[in-house]
């Protein structure tokens, strides 16, 4: 066995498991190395820690990997007691292996499919007792499986359960089985760690920022800067206290939200029901759900009955969802694939019915507990967020290192100067190290977050809530935004537009109102094929289905009290709901009125299957019918060919191009004497008889077209991702201006590989463009005469990814409409766009968008909830007008962060220049001079610099995100030169005056104060702190002009007035306080003010020239380089190509007319 997570089977000598084993996917785990402690190394480290006064322990705290390598030796994972983990983001973590004794021989009584897995798990150290070896990482438990030779998620023990296995758990677990499972799986608790104040204080103080502060305060105290050191110490204490309070408060709030304990009723193998704490739940427990419902403490598969569930906590979707029993087939159970049969942890069951004899309620089996549940996964994503791959944050740390190099140069210079001056060794060391505390501002990382905090507050005021503030800056760089269609671009509600029933010779005439339909299968299908349910007499369900049922005029009833009466009315079948027709006289003379119909089985809508179905029984149980409703293409493919009208495709195309939502309905006779409750879905949904089409009108929201136009003008791509028909989606794209009236739509059709044919790829124009000759269109496309958009459906997208991966980037570059996309495909699309270096935004409103919202760089959920864990941003605005606002705030925040970064760097460099000049002549700045500059001038200006709001308009240019760029470096270099020249000018102007008196060269530092050299340099540097805040503060085009930031403007005026008073009329009190030399020559003092004004003017002009591209000529020296962004390089190649786009050509994987982008 090797030392890493990929073990070697000792019997075969081959790697086991394979790299494709799901246990070792990045989603499941990461690289693992095993280590064992060496006693003498541990004792040696303890000794060295004492000798270094704890410095070694601090280093180990910052670099845990180093601590493991020093104290431990590598060993096989099976023998390790310390593990070094490297996650999929490259970050390293150290965890301890824990052991727990479990009952010997208790496995023999399980008799479950996973028995062998459990036995491998616990028999590794079977001597006198049986031990379970495991570790905890981010709330998840990983157990040692000897046969696999690896630590695996404990959920692997039940991942092979089939739907049939889960149904077998209805008999319940024995107390002994449950005890063993509890030892293995752990407690069912999403326990957010809340650290004590002492622990938080210890971790906070060991933060590099505060360690640097302690070092600085110690240095200043030795150097007799007592008051300054005391002020910084008090500020640090206040800062730490606030930080500890906020951190603990957030942890307690999250813990209260995540931690949930309640009493649950379980069924035991003896048949008895027992009330236990939800903490004791384990996978396999049989859960009794009461009629009044409950808040789910675990993930569970519904086995009997139906549950009406509110999932808004997880998905932001406010519409209750009906859950139905899991079919007992041999399919491998997957909670995502079986969402309609799964009760997720944290969701609220509003009502349960039809699952328990003698009383209402439902029966479910526990499938996941603790952090392995859906709620646990979302809480984990908050506790341990995915690192944000944003260049600005990476560059900030690199820039600190560059300032560190500058500090090192300054330290060497001061060391040489002071060494020549024959100062004491203490002064030599202290003065040299003091340069480091000046050049590297420890507050820099904190200061650049100020803009983000202001933006977050403004967004909250506008109804947009954020759970990941660093992503606000990312909003400023978004280059493509994806939108869901229904409920996002279009209205939530749909109105029935008409019904077209199948007749003897094709389709009958369009019927605008379903109430006008004659009694028959079509009317019954519209009334019964739904998952609408009742809660306290109120109909609840999908808005589309509510409208459909309302349009028929039929009434929904559900059995109450004595169910036997209703069951007897329908042939003693167990009835879920009854649909009763209206009581008014029939509209068709001679035609018998419709009779009540009972729904006995529901198969909910599935995005993957694109359909839902019900099994119904006629009055008195005379006959049974199955009804199916879904996408027309899917339903037609399940129908007998001779029942589908010949004009089906043309009719569907006609309605879809009008932007109508089209659904097809079909039916099938079912044997009324069969076991209808346990009918297999596959049997129900085949060999159907086509009934007709239902058309519904879904209006585009009035704000959609306006917002899309704003984004297009800002050169942000818009993409529609929907589960609807492709023609309907294209119509909506045209209605909301995603596709211009003069632009072509080209459909991408990809057929997958079959036994009879090769995969094919074809690009074809929409029907409306057929009148234009293909050759003319081809020529115009190649020459840029036509703008065009590609449209593709989910089936073709999947085949494109599988069989034509070389064409995928080019299709993504031009595709605007993605239709019939499943939730997984939406998330996959986002990730594929990110591979092209797009910054991707996603806006959606329902559960189907959760994966894409979390995968996107910027995910916006339109929800009534104040904060949804489904995405980083949640908007109470029910339309996409929140998107431009979010982008504007992101750009404003990013520009502010840049300004603050440059200002804090320049503040350090101004002080650096002052100290270098003064130390050269054996003096320095006074205690209160440092305090005045740092706290009064710089801190207040930096605090309010980011208060200005965003511009009212979105502009095509995006703000830069790289700090290590030519404009940033060039401007800092030029300003440092101008700052140095300004201070040197004031210094030399002073020394050339007739009345100038040199300082005492026999002493050094503050003992030389006050003196003329110090005063002139301090006076000019004070002005530089003020005017550089004005110079680096950006406004146009992403922020409002400076005069809108009233507080910042007031502080500028106040600071300028105070500084002018200190220069012109300091007075005896302030002269004594600041150790200032009192100049009597007013002309000289005015000259100093004039030098400061000139310095400001030159810096301001330089900034304007940099904004106009003054430094761009330097780029010419390196020549033209291709863009680092792949989508920009690919766009250039496609624009220059004469073979793209191959219209009306059938391509196969062997064709190589391909444009590659390296």
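Placed from the backbone N, Cα and C atoms, the Cβ positions cover glycine too.
According to TrEMBL, the feature transmembrane segment maps to residues 435-455, out of the candidate ranges 435-455, 456-476, 477-497, 498-518. Within the set 966-989, 990-1013, 1014-1037, 1134-1157, the record from TrEMBL flags 966-989 under the feature transmembrane segment. Among the ranges 880-899, 900-919, the stretch that TrEMBL annotates as transmembrane segment is 900-919. The transmembrane segment (399-423) shares more Cβ pairs under 8 Å with 900-919 than with any other stretch in the list 225-245, 900-919, 925-945, 966-989, 1046-1067.
Sequence-distant neighbours of the transmembrane segment (40-62) (same chain, 6+ residues past either end, Cβ-Cβ under 8 Å): 70-73, 206, 208, 211. Counted over residue pairs 6 or more apart, the CB atoms of the transmembrane segment (900-919) and the transmembrane segment (1046-1067) come under 8 Å in fewer than three pairs, which marks the two as apart. Only residues 6 or more beyond the boundaries of the transmembrane segment (1087-1117), in the same chain, are considered here, and those with a CB under 8 A from a CB of the stretch are 966-967, 970-971, 974-975, 978-979, 981-982, 985-986, 989, 1016, 1019-1020, 1023-1024, 1027-1028, 1030-1032, 1060, 1063-1064.
A Cβ distance under 8 Å defines the sequence-distant neighbours of the transmembrane segment (1046-1067), meaning residues of its chain 6+ beyond its ends; these are 936-937, 940-941, 944-945, 947-948, 1019, 1022-1023, 1025-1026, 1029-1030, 1033, 1074, 1076, 1078, 1082, 1085-1086, 1088-1089. Per DSSP, the secondary structure of the domain 'P-type ATPase A' (265-381) breaks down as 21 helix, 44 strand, 52 coil. If you look at the transmembrane segment (925-945), the same-chain residues 6 or more away from its ends with a CB under 8 A from one of its CBs are 224-228, 231, 235, 447, 450, 896, 899-900, 903-904, 907, 911, 914-915, 918, 1006, 1009-1010, 1014, 1018, 1021-1022, 1025-1026, 1029, 1033, 1045, 1047-1048, 1051-1052, 1055, 1058-1059, 1073-1075.
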